[in-house]
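Colleague: I'd like to ask you about the structure that follows.
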């Protein structure tokens, strides 16, 4: 495979925080990407669950162009009608009453964490600052978010960890109950389906149980649906699978903008009671350009056509991947996840396997627990899914041959 990406550019002036593949793209359409070398790839990464409707979706392109000719940015010191419209739509389709708009998922998580602590302060309990996440979680790269995740890879070397952040282990019910019952606990934060942690889907009864425990002890439940929300599980929001397990606060982003930078922190009126004037803010959050695209993306994603397609195609994927697992037990250990957030746990190194898939012109993402993730556009067709399976089959054959060599 060619490692060339451009004859006129280099990474010399780019901070070296990314382990990039030797590959660059110049255009895309739907689930297809065309490299700078002119080669076509089937994209089952979708910007890590961000290009929810694929690349250059005509409806989003049209809305973006129309809004770009009118107004890009004004300050939040003024009313922004496009922001109000998207907030209305999000609240009408979720548990939430109010929304704060950001530019990314990690900013939405930061807002959620601040909202939770401010709630208890407004209730006359400022000592309630402790926030518990779970092992294997990923909540973003800003400082509170990495402390909520607790992954040493993301927090080591940056000085003292923030006080008030700890992690729990799924299945350790005694520790979970004790944490929630503590008089200094402010909130629990959880991904209903973990993404970076290896596509681990939290059982619905666990989410319902968390909500019940939180309500008993006055603790707020925060869901991070930055990756698993916006239709990826076959419902608009992943929490909808757990009746009675809805959150008090939720962070969303990624597919909400269809690839355009956007994020949102959703909350009930009660949970957001402490977020009064000047409690939080954002320069670019809620700008008219992002809001116009977000509203258009939401309308398409929440449609029965899109959500039914996710259920149909993800069911096909799961069936076919389990077939590959049966045929290649020396390569595939497990198939897991929910909807189009699919994890495949491997025996060979997942990064090596990603290269084998890329050799077949298939793009897949890495994940924790030696998984690779399939995160295709929500409108992927059965034919495209079948093509992806055929490419994965060839990658499995190559992995087997490599191990035998």
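Residue positions begin at 1 at the first shown residue.
Note that Cβ sites are derived from N, Cα and C of the backbone, with glycine treated the same way.
Among the features that Swiss-Prot reports, pyridoxal 5'-phosphate binding site is placed at 105, 106, 138, 224, 225, 226, 227, 283. Look at Swiss-Prot and you will find 141, 282 tagged as N(2)-acetyl-L-ornithine binding site. Annotation comment: Swiss-Prot describes 254 as N6-(pyridoxal phosphate)lysine, evidence class sequence analysis.
Show me how these features fit into the shown structure, please.
Modeller: Take the CB of residue 105 (pyridoxal 5'-phosphate binding site) and look out to 10 A: across all protein chains shown you find 30 other CB atoms. In the three-state DSSP scheme, residue 105 (pyridoxal 5'-phosphate binding site) is classed as helix.
Taking the Cβ of residue 282 (N(2)-acetyl-L-ornithine binding site) as reference, residues of its chain lying under 8 Å away and at least six apart in sequence are, in sequence order, 76, 100, 101, 102, 103, 107.
DSSP gives residue 254 (N6-(pyridoxal phosphate)lysine) a helix state. Here residue 254 (N6-(pyridoxal phosphate)lysine) comes close to 47, 48, 49, 50, 52, 105, 226, 227, 229, 230: these same-chain residues lie at least six apart in sequence, with C-beta atoms under 8 angstroms from its C-beta.
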Colleague: Compute all pairwise C-alpha distances among 105, 106, 138, 224, 225, 226, 227, 283, the residues listed as binding pyridoxal 5'-phosphate, and give the largest one in whole angstrom.
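Modeller: Max Cα-Cα spread across the pyridoxal 5'-phosphate binders: 25 Å.
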Colleague: Listed binding-site residues are 106, 224, 225, 283; which of them have CA atoms within 10 A of the CA of residue 141 (N(2)-acetyl-L-ornithine binding site)?
Modeller: 106
Colleague: Just going by other Cβ atoms within 10 Å, which of the binding-site residues 106, 227, 283 has the emptiest spot?
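Modeller: Output over binding-site residues 106, 227, 283: least Cβ neighbours within 10 Å is 283.
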Colleague: By a simple count of other Cβ atoms within 10 Å, which of 224, 225, the binding-site residues in the record, is least packed?
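Modeller: With the binding-site residues 224, 225, fewest surrounding Cβ atoms within 10 Å: 225.
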Colleague: Using a Cβ-Cβ cut-off under 8 angstroms and a sequence gap of six or more, which residues of the chain neighbour residue 138 (pyridoxal 5'-phosphate binding site)?
Modeller: 149, 151, 191, 194, 195, 196, 197
Colleague: Out of 141, 226, which of the binding-site residues has the smallest number of neighbouring Cβ atoms within 10 Å?
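Modeller: Comparing Cβ neighbour counts within 10 Å for the binding-site residues 141, 226 gives 141.
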